[in-house]
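Worksheet for the structure shown next.
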Amino acid sequence: MGDSSELNVRRSVRDLQAEYDRGNRKPLEDLIRAWKGIQELPPDDKRSFFILGGYHGEPFDYRNAVDALPPDDIYTYWGGWCNHGNVLFPTWHRIYILKLEEALQSIVPGVTLPFWDETSEETVKKGIPDVLTREYFELDGENIKNPLYSYTLPLSLSDNVPGDNKAYEKPAGYETVRYPLSGLVGTPEARAATAKHNAKYPNPIENTQLLNKNIIAWLHGSGKDEEGPTTTDPNPKGRGVKWMYEKCLSAPNYTVFSNTTSAGQWNLDHPAKSVVALEQPHNDVHLAVGGFDIPGQGESGQVADANGDMGENNTAALDPIFFFHHCNVDRMFWLWQKQNGFINKLEVITGYYGTNSSDSQGPTPGIPPGTPLDLNTPLNPFIKDEFGNPFTSMDCINIEEQLGYTYGPGSLDEVPKPEPITGGSTKKLTVRGINRGLFDGSFVIRAYASVPDAQGQLTEYYLGDHAVLSRRNVVKCANCLTHLEVIAHFPLDTLSADLVDKAEYWITIQHRGHSKRMKVDKDTGQSEKALLAQRAELPEKLKYSISVTD
């Protein structure tokens, strides 16, 4: 497979769109035709988008390994096949999108899955490529519903979690949504709240404009100016998704590059130089598309109660944009491999955080709790041959030699060396101890510093955000409850050493079901009563620690 002339080339979707606009319509039309085809397949067809999208979370049809266990077994909760927060995150998703691409090729031979180049100049300035947000597309002389815009469920979905309030269940005919809309329709109360919220946003074109403004804000980081971070800018840009993607390419080894659990611990163990895992900017894009806004957007404002499907692991892969996003994540994985000499070999640090099936999200079907994860762990449910052997990470290290595809030109092919911020502190802020089990799904931690001047007036500095892509009811996974700690690190190099010493630090948490950002009291370690009321059945309270380290 190594001959470049035989490789399938995954191109930027924006390049396909530009080629279409210049008159060469076939590549983009073939892509649309293939996506239309897999969405129209019967829902029990293994190539159907319903089946493929469901591997990541709902509809949970393939859970025999779990359902056969006694109801009181700690392993009975299952949230899908996907791997997050562990060393299998990049490789599992590599095979996942390959299977989606193979389904597309069964409809239109030769078509490849393009990537959404999330760090390109066009994306940073304009947001999502138009073909992914256009409601209709002309194909074969007919104006059809664009299959890249959304997906309409042919069957209802259920998360099958005992005692859940079913807010994330979806009926047949449900159409996936993105920011600023809400897709919570599982209960009468949720449907009423969603109808009221979505009625505020009746215009798809204006909704896309809001979505793109949100994406751009996340890419840059907060702040109204267009400059990079400085020691005197109270709302610096430069700590957004684009910066995170650039930063992750310098991760020193596969273990910490691969996932947020390993990277979080690595930053505690190696405080002199922080790392960013590939999974972190990946999480941010999920939440940006799926309903979370970011401070400092100016006139676009902040849309409370948005609940897009991309913002929750259970439903994310049912939005077609998921696969264009993950194609870019896989491209970044390949760029890291090429730029750091790991094209043919990856290594996992045995016994490190993020190398156990119980870390972060908990185990997936067929992988018992407490199982060490390595490059030979099966990437279920994906089968590689006629003998029923599962794919492992060893089968997908070199995408050109082993899988027969490569990537066309894109941003960060030659990653720029970030210019150091002169005069800033070398310290970082560490927030830890927050339990994901307290939250119904994904949430965002945001860190701030307040510094008094000589007159006692406070200046607020926004330090950055840490997105946590999660799923509802992780607390139902009894085995996972001791593995739900979130560790977040925020560089303080936009503050001078003097300001770092004077500052008071605090965080806010934006989460589902709460329209306000809550300032969490550092002294008591407790949140506002509103959060506790949502999960009153939990005996514990939201607590965390903040520390400034060298």
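The backbone N, Cα and C atoms fix where each Cβ goes, glycine too.
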Candidate from HIS270, HIS326 that Swiss-Prot assigns to the same Cu cation B site as HIS282, HIS286: HIS326
Rounded Cα separation (Å) that holds between HIS93 (Cu cation A binding site) and HIS326 (Cu cation B binding site): 7
Cβ-based neighbourhood (8 Å from the centroid) of the Cu cation A site, residues HIS56, HIS84, HIS93 excluded: GLY80, CYS82, ASN83, PHE89, TRP92, TYR96, ASN313, ALA316, ALA317, HIS326
Sequence-distant neighbours of HIS56 (Cu cation A binding site) in its chain (C-beta under 8 A, six or more apart): GLY80, TRP81, CYS82, TYR96, ASN313, ALA316, ALA317, PHE322
Distance, HIS84 (Cu cation A binding site) to HIS286 (Cu cation B binding site) (CA atoms, angstrom): 13
Listed in sequence order, residues not in HIS282, HIS286, HIS326 with Cβ within 8 Å of the centre of the Cu cation B site Cβ atoms: HIS93, ASN283, VAL285, ALA316, PHE322, HIS325, VAL329, LEU469
